[in-house]
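**Student:** Would you mind keeping the following structure in view while I ask a few things?
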C-alpha cells in the first residue's frame, strides 16, 4: 500500500447503535398499539368509548337549559344471523339526566350462540362525555337458539359536554363470539 | 489524480484476482459488482411490474370485463405496486448508492462489504416467494399494496403468509443497505471530505438511510401483526377482539409516508448532480438543499394521517395533518427554486441525462401540485381513492423517481461501462417516454375528478374515451422502455464510443477523476479534498 494510510476507524460502535435503533423501532411499532388504545380512550379519537360502567349521575347536576339528541344505531357483523335493534332510534336528553334504552337481540339460528356488542360514538369528540352506568355491552350475550333477549342500557351525558355538540350517535356492532366464548377467551375486560 | 490509479495497479496486484463466472457475482463483496447486481435486478423488476401495469391498462381499455377476471385484476394492482416500490425503485437507488457513494467520497468500498453481498442476494428470494404466491390456490395477494386490514386478515387467502415473509426479507435487505450507507458515509470519507463538502447525492442518501432505519422496522411490525391476526388469533386489527382496523392504517402510513420520501430524496440528489453539470454552473444554494432535504425527512413523520382523512378523524387532527402536509411544499419549493436558479444564465446543453433531469423538475412539480390539492382535507373527500390519487403518485414516482433513475443511468453509464450511451437512441427514448408518460397519467386527473375509483376493474361508460387514451399512453410508455433496454445492452456489450474519464464537460466530483470504466478498485489510497466537490 502507499504511504498515505487511511485512518483505521472502528465501525462496530456505529453498527451497534444502528442495530439498536432498528430493534427499538420494531418495538416502537408494537408499543404504538397500546399507546393508540390509551390515546383513543382519553380523547375519544376514532369514536372509542369506554366499555366499563361509569359512576351514577348526581341528579342535581342536570343541565335543563339545553337538549342533546342521542341517536342509536345497531348492526350485526357479517355472518351473524341475529336481529339486533334498539327500541328507539333517537331521544333528546338534558346533560346529566339518566335515561334507559332497551335493545332487543334475537338469535334466529337453531344453535346456541354468544354475541358481543362493541360501541362507537360519532363524533369522536363526544365519546368521553357519554357515560354508561349499566349496559349489556359490558358482558358477552349468550343467546340460546331462537331466543329473544331484551337488554337495557342506562346512560347519561356528562354536563361538561361542549355546547356545540347537539347530536351524537351511539353505534353498536354485534360480533359473533361463540367460538371465543367456548374457548374461554375474555374479549371485553369488565374487571374495572 | 491519475497517480492514485497507477499506485493501485503497481502495488495491489492481488486485487485483480477476482473470481470469474457466476462465482464472481455470487460471492462478490465489491461495491461496483453489487451496485451492478442491484441495478440489473431493479431493471428486471421494472419490466415485470410494468407488464402487470399493462395487464391492468389492457383490461381498462374498454368498460366491462374483457381480459382478466376481477380477482386477477386485484392481484395485478397489488403486485404491480409491491414490485415497483420494493423491487424496482428502492433497489435501483440502493444500486446507485453502492456504485457511486464510495467513489463520490473517496472510499475504496462500502464499509461492510460482506453484509452488502447478503443484502443484495436475499432480495431475489424475496421476490421469488412473492411472485410464486400467485400460483397458490386462491391466487396471490389481492388486497392492494397497502394491505389494509381486514382485507389482508379476515378476507385474504393463504398466500398472505408468503407475502408477509417476502416483505420481511425485503425489509431486512433495505435495513442492511441503509446501515451500510450510514457507516460508509460516517467513517470512510476521504481526508478533507467534510459533511458540507459531500455531493448532494451522498447527502440525500445519508438522510434516506436514516428514514429507512426508522420506518422499515415499523413495516416489519405491521406485517407481523397481520400474520398473527390471520393465523394466531391475535386481534390487533379485529374490532371483535378489542382491536381496531383503523389502527392498521395509522401504523401502515407511519411507515408509508416516510417511505414515499425514501423513494424521492435520492432523486433530488441525482438531479442536483446533473443540472449543474449541464448548466455549467455550481449548484445554487448547496446548504439550503441539505437543510431542505433534512426538513422534508423530519416532516415526513408528522403527516401520515393525510392518507386517512376519510376515516372520520376529529377536525383538529385533520387540520394538523393538513397544515403539516402543506408545510412540506416549502422545503420542496426551495429545491425546485434552487434547480431553476442553477440553470439561470447557465451555458446549458441538452444531453440525455439533462433532458431527463429537466423533465423530472417539471413533471415532479406537477405531481407536487396535485399533492397539495390532495392535502386539503375538504377536497380530499372528493379525491380520495379516485384516479386523481393514481395520477398524483405516478407523476411523482414515474416521471419523478423513475425519470431520475434513468437520468442517473445515462449520466453514469459511461463511468460504469466505459462506453457512451448511444445519444440518438437515448434521445428517442426520452421523447417517447416524456410524451407517452403524459398521455398515460395526465388524463387520469380528469377521470379522477369526475369520480372514477381506483383499483376497480370496470368503470362507468362516460369514462371510456379517457381510459382508452390512457391505455394507449401506457402501451407507448411501456414499449418505449425497450429503447432504454437497448441502450443499456449496447453499453454492456461494449458497443459505441469509448468514454473518456470525464465524458460530461461540466461534471464535478471525484467519480470523474478515475478512468472509465471505473477500475475494479478505486481510491485504495484516499484522495485529499481541498475544494468543495459538488
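Placed from the backbone N, Cα and C atoms, the Cβ positions cover glycine too.
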**Student:** If TrEMBL is the reference, give me the range from B:15-36, B:37-58 marked as transmembrane segment.
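**Tutor:** Range annotated as transmembrane segment by TrEMBL: B:37-58.
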**Student:** When you get a sec, could you say which of B:260-278, B:336-354 is annotated transmembrane segment by TrEMBL?
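**Tutor:** Feature transmembrane segment in TrEMBL: residues B:260-278.
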**Student:** Give, as a single whole number between 0 and 100, the mean pLDDT over the domain 'Cytochrome oxidase subunit I profile' (B:25-530).
**Tutor:** 95
**Student:** At an 8 Å Cβ cut-off, counting only pairs 6 or more apart in sequence, do the transmembrane segment (B:260-278) and the transmembrane segment (B:160-188) clear the bar of 3 or more pairs?
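**Tutor:** Judged by the Cβ rule, the two regions do not touch, with the required three close pairs absent.
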